[in-house]
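See structure below.
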Amino acid sequence: MSFHSMWAELLPVGRSSASGGYRRYAWTGADADCRAWFRQQAEARGLAYEVDRNGNQWAWLGDPAAGNAVVTGSHLDSVPDGGAFDGPLGVVSAFAALDELRGRGARLTRPLGIVNFGDEEGARFGLACVGSRLTAGALTVEQAHRLTDGDGVTLPQAMEAAGYDPDGIGPDPERLARIGAFVELHVEQGRALDLSGDRVGIASAIWPHGRWRFDFRGEANHAGTTRLADRRDPMPSYAETVLAARREAELAGAVATFGKIAVEPNGVNAIPSLVRGWLDSRAADQASLDTVVTAIEKAAREYAAAHGVDLTVERESFTPVVEFDHALRDELALILSGDTELRVPVLGTGAGHDAGILSGRVPTAMLFVRNPTGVSHSPAEHATEDDCVAGVSALADVLEGLART
Ligand code: GLV
Ligand code: MN
Ligand code: MN
Ligand code: MN
């Protein structure tokens, strides 16, 4: 099946007719439809299909038990109103690359795997990369059991409702030990390739990043009858904190975003009792990230105190800087440039990926495909079909080059 027809088949799944954006959240109906698509692609190609103990899907050409497998893939879930490419491009390209290798009659001496990692975006349970974190032991079973969505449904309950047994979740070192190299292809989430005029690039590193929950607690009261001087309103101190985040991020050369907020009781005519805001912050290095988050928290405490509001700050997740395997990165560059003088761009990214989680356990690399606007986590996310097809060819070259060694 061509890249085009696979892409077209997956395109309507979980897409909102109102916004054109995707809501493919872990263990929902849209997720089940994506998973059914993956299984069908695997079986149509005669690949050995399996779901691991953490709900990640795998498709194998050759026997993974032989070890030193070359694995590629990404994720199929999305952020709220996400684009079509973040995640799915890597999975569709994986199947398309395998087709291209078969078409070339490539001789592979290593097992080849395709993976769909579950719940990469963390849109439902608040933690990104749950499937790969569990597999890599970067999330404990106890922590996973405590993950709860906005409706109070826990991760094990959600898995069970989707027909998966949650009892076995946990680290999977034997599975990882069989993987000799993992390569994730992903749409670029910036404009570096557009600016350099290249279709495909190689990742160097992922910025350290984390999520922090800020709870500003005041006192609910009547919006019309409570004198300003008598209020303990958490909203102004939250608003001042948002502005401080912007200012401090600029100073530190970092990024800081309050993209999600919950207000209680959430009534137009009630002073809030609680404003809960989630900070996502990222920087090229750990010191800058520490600086920006410490400064935002300090400012928030001052604003909260000035308004008689209590503040608690909790770090919900954190991923340290990831430097991708240098040897594998060089090997990819060599494979892609062939015997030409072609220079393949090598770029860092502020976005998190399953590849980042795996990189501590397995030699890991990433390929990026040009995004003409750089927009991502939005329905406007895009890559041209020509660039996607160039990405498939590059991935096929990489898989063939690696799987022959
Ligand atoms: C996920 O894509 C993230 O970088 O937050
Ligand atoms: Mn994403
Ligand atoms: Mn992604
Ligand atoms: Mn991601």
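For all residues, glycine too, the Cβ spot is worked out from N, Cα and C.
Of the residues proposed, Glu50, Glu121, Glu341, Glu400, the one TrEMBL records at the same Zn(2+) 2 site as Asp86, His377 is Glu121. Site annotation (TrEMBL, ligand Zn(2+) 1) includes Asp86, His186; from His75, His209, the additional listed residue is His75.
Annotated pair His377 (Zn(2+) 2 binding site) and Asp86 (Zn(2+) 1 binding site), C-alpha to C-alpha distance, rounded: 7 Å. Comparing the Cα of Arg282 (allantoate binding site) with the Cα of every entry in His75, Asp86, Glu121, His186, these being the binding-site residues, the smallest distance points to Glu121. The separation of Arg211 (allantoate binding site) from His186 (Zn(2+) 1 binding site), Cα to Cα, is 22 Å. Glu121 (Zn(2+) 2 binding site) and Arg211 (allantoate binding site) are 12 Å apart (CA-CA, integer value). Look at His75 (Zn(2+) 1 binding site): DSSP puts it in a strand. Within 8 Å of the centroid defined by the CB atoms of Asp86, Glu121, His377, the record's Zn(2+) 2 site, lie the Cβ atoms of Ser78, Val79, Gly82, Gly83, Gly87, Glu120, Ala351, Ser376, excluding the listed residues themselves. For the binding-site residues Asp86, Glu121, the ranking by surrounding Cβ atoms (within 10 Å, all protein chains) places Asp86 first.
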